[in-house]
Amino acid sequence: MKELKYDVLIIGGGFAGSSAAYQLSRRGLKILLVDSKPWNRIGDKPCGDAVSKAHFDKLGMPYPKGEELENKINGIKLYSPDMQTVWTVNGEGFELNAPLYNQRVLKEAQDRGVEIWDLTTAMKPIFEDGYVKGAVLFNRRTNEELTVYSKVVVEATGYSRSFRSKLPPELPITEDLDDKDADVAYREVLLTKEDIEDHDYLRIFIDQETSPGGYWWYFPKGKNKVNVGLGIQGGMGYPSIHEYYKKYLDKYAPDVDKSKLLVKGGALVPTRRPLYTMAWNGIIVIGDSGFTVNPVHGGGKGSAMISGYCAAKAILSAFETGDFSASGLWDMNICYVNEYGAKQASLDIFRRFLQKLSNDDINYGMKKKIIKEEDLLEASEKGDLHLSVADKAMRVISGLGRPSLLFKLKAVAESMKKIKELYLNYPRSPSSLGSWRREVDNVLTEFNKSLS
């Protein structure tokens, strides 16, 4: 079998993998990125396709341009189940043609020295002496099996986790996903019968009957094209997502022309805190495989780019020291936790709270402003839910009709603060991971009890 050597092997060329490749390019490293899809389908993952502009600015990633940019977004409108209350949260973003943008980032990385193979599958890890040292690949273009050795493997295989799942199960990096900590999602892109009103605002509809544990979305891709879909919580025994889509599409997108269907597809999405560790001996895990998706709104492209940025940062540091052990790559965890993971863990608490609410609770809470737009904005941006003394008093008055909701909100705020502080005090070395993880699990267990 043919053997090749690289400094870095990136498995998966979606938003996470392509970002890591882009950030690592022109740094003097020999890098190979492989993806199992043909080039023109890399990055083609069914989702809402919306990304905050702030992510591009912070990470130095190129803005989408031309056909990659389908719509500029100025905010989100959030609808209560009874449609009587609408909150508006302002913020700039892009509605993307995600595959086109993804492929351009890959092409730029390629132009800067990264080698890219499409139609190539990582068959199994090379695992020796407790380290991931590469992978056995099968290239369907050349119809050959190859052994590729590398100092670091970046696992960016998405929800399938198809590479790290083949590692010895005792490694912390192989952590599995509870079905209830994931959403099943489905979406279609259709043309509309007439121009969309306020086409620069995304619409999100919360309803525990039409999308239990998730939400419906209506994301304009211009004046007469829309990405419409829904997510529902996994592991709950709910009916097929296609049943919900067919039954309720007219309620949320009455303006679409069903004969003008452009794209359709479904996906599974992790909606929890990130992996307890995203780095181990010779390996870093990013993107959906590292559970980097926002637990509340299910968006994963921005946080995937953050994880790619952190992977590049940790890898460059490891090459400076020559240490590719878990300790040498530990900066991956520190970087991601500080950039996004602490907030994400806090939002995992908020997600659990929202999924337990009834439609009546949500209608009442939004109408009476027991939960406010400012709460949502602060939670989404920082992972915080701060309630001042005066604010608490006003909420008590508003919440007299539903004291249990107010009590739960207090428990939510406290648990969000606890878990965020734990993540901001993430262990500085692998030796402390086990005790820290037990503390996190205790917070989650206690919070789940408070919701019962």
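Cβ atoms are placed via backbone N, Cα and C, with glycine included.
Per Swiss-Prot, FAD binding site is recorded for Phe15, Ala16, Asp35, Ser36, Lys45, Pro46, Cys47, Gly48, Asp49, Ala50, Ala122, Asp288, Gly300, Lys301. Cβ neighbours within 10 Å of Lys45 (FAD binding site), excluding its own Cβ and spanning all shown chains: 23.
Residues or ranges marked as 2,3-bis-O-phytanyl-sn-glycerol 1-phospholipid binding site in Swiss-Prot (evidence: a large-scale study or a structure entry): His55, His297, Tyr340. DSSP gives His297 (2,3-bis-O-phytanyl-sn-glycerol 1-phospholipid binding site) a coil state; it is part of no helix or strand. Long-range Cβ proximity for His297 (2,3-bis-O-phytanyl-sn-glycerol 1-phospholipid binding site), meaning a same-chain Cβ under 8 A and a gap of 6 or more residues, is found for Ile204, Tyr215, Ser380.
According to Swiss-Prot, the disulfide bond annotation covers Cys310-Cys335, on the basis of experimental evidence. Residues near Cys310 (disulfide bond) in space but far in sequence (CB under 8 A, at least 6 apart, same chain), listed by position: Ile286, Asp331, Met332, Cys335, Tyr336, Glu339.
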Field: Residues His55, His297, Tyr340 [recorded 2,3-bis-O-phytanyl-sn-glycerol 1-phospholipid binders]: greatest CA to CA distance in Å
entry: 16
Task: Pop the Cα-Cα gap between Gly300 (FAD binding site) and His55 (2,3-bis-O-phytanyl-sn-glycerol 1-phospholipid binding site) into the table, whole Å please.
output: 11
Message: For the C-alpha pair, I'd like the distance in angstrom between Gly300 (FAD binding site) and Tyr340 (2,3-bis-O-phytanyl-sn-glycerol 1-phospholipid binding site), rounded off.
response: 11
Query: When you measure from the Cβ of Ala122 (FAD binding site), how many other Cβ atoms are you left with inside 10 Å?
result: 23
Message: Quick check: in three-state DSSP terms, what is Asp49 (FAD binding site)?
response: coil
